[in-house]
Amino acid sequence: MKHLLSIADLSKDDIIGLMDEADRFREALLGRDIKKLPTLRGRTIFTLFYENSTRTRSSFETAGKWMSADVINISAGSSSVKKGESLKDTGLTLSAIGADAIVMRHYSSGAAEQLARWVAPGGVGPSVINAGDGAHQHPTQALLDAVTIRQRLGDIDGRKVVIVGDCLHSRVVRSNVDLLTTLGAEVVLVGPPTLLPAGIDTWPVRYSYDMDAEIYDADVVMMLRVQQERMHGGFFPTHREYATLYGLSAERERKLQDHTIVMHPGPMLRGMEINFGVADAPRTAVLQQVSNGVHTRMAVLFTLIAGQDAAAF
């Protein structure tokens with residue numbers, strides 16, 4: 001495996017292998033006062049973000065540093081990108097400096113795949129990891145979500161996962177649909193008609209406009225933020241009406257099955273898609289997702305940079 005650009009590029013065995021590796025990193029770090037492994041000592045990782053990020057960027061940085069790599073953050077707003085430098089020239093510059101991996105978030109779908117072609121022609125050059133490209137893919141988010149579901153519920157096969165909210169603009173949805181259906185889950189997308197993707201009839205999912213008809217027999221309820229920064233029109237009448245129809249209220253949370261877990265890729269809009277109290281409820285796995293994000297990204301970085309046959313510890 002040279003790059004991680006899309007969940008669709010991974011086989012079922014690839015997915016399970018990365019999840020298992022994430023669990024091994026978590027176990028290796030348990031109880032350590034100093035979270036440091038020599039796994040990627042002497043390696044250089046660049047993070048290149050053209051969009052804002054808290055969880056993904058800091059998680060990748062932490063993952064690299066916990067494996068003793070040198071991690072260098074490049075912000076598009078404070079680099080030569082601001083002067084008009086192209087993505088191609090930025091990527092080639094980082095490659096020439098000596099990058100072993102480039103972790104990139106970009107506002108354009110397909111940008112990570114294009115970068116990989118530029119910096120690693122013929123498979124020679126740094127690995128590229130897609131940290132989110134437009135509304136296309138966010139593969140490490142789907143991997144960490146699967147790791148979290150497996151930790152909470154055991155096997156993913158046969159589980160019902162309901163994803164509620166702005167599915168139209170969400171790269172998380174697309175990656176999770178690819179991954180969860182590959183592992184045998186039933187996936188249901190719920191949202192207003194204006195926030196469900198065109199062509200959804202061809203996806204391996206069911207979809208519904210009625211949240212209450214789907215969530216009460218679900219094993220996982222995953223809430224999504226309304227991505228207002230990607231909207232240029234009226235996708236729903238008011239925030240209050242949206243919260244009434246598609247928000248996870250305290251009343252709805254009480255009616256869920258006892259074992260059902262609530263997830264959210266973040267950032268959360270408390271009071272809109274999720275109630276303030278529900279966001280902090282014991283069944284809500286948001287912070288576990290964040291923790292698993294570090295271990296999952298350690299697994300990805302290790303696999304791509306050191307190689308699948310290398311020893312991690």
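First residue shown is number 1, and so on along the chain.
Using the three backbone atoms N, Cα and C, a Cβ is placed for every residue, glycine included.
Computed from a predicted structure; not experimentally measured.
Residues near G266 (carbamoyl phosphate binding site) in space but far in sequence (CB under 8 A, at least 6 apart, same chain), listed by position: T54, R55, R225, V286, Q289, V290. Sequence annotations record features per position, and here Swiss-Prot assigns carbamoyl phosphate binding site to R55, T56, R105, H138, Q141, G266, P267 based on sequence analysis.
The L-aspartate binding site annotation in Swiss-Prot covers K83, R171, R225. Around R225 (L-aspartate binding site), a 10 Å sphere centred on its CB holds 19 further CB atoms from the protein chains shown.
Neighbour list (H138 (carbamoyl phosphate binding site), Cβ cut-off 8 Å, at least 6 residues apart, same chain): T56, N130, A131, G132, R171, V172, R174, S175, P265.
Of all the binding-site residues given, namely T56, Q141, the one with the smallest number of surrounding CB atoms inside 10 A is T56. Applying an 8 A CB threshold to same-chain residues 6+ apart, the list for R105 (carbamoyl phosphate binding site) reads L48, F49, Y50, E51, S53, T56, R57, A131, G132, D133.
In this structure, of the binding-site residues R55, K83, R171, the smallest number of CB atoms within 10 A of the CB marks K83. K83 (L-aspartate binding site) sits 30 Å from P267 (carbamoyl phosphate binding site), taking the C-alpha atoms as the reference points. Within 10 Å of the Cβ of P267 (carbamoyl phosphate binding site) there are 11 other Cβ atoms, across all protein chains.
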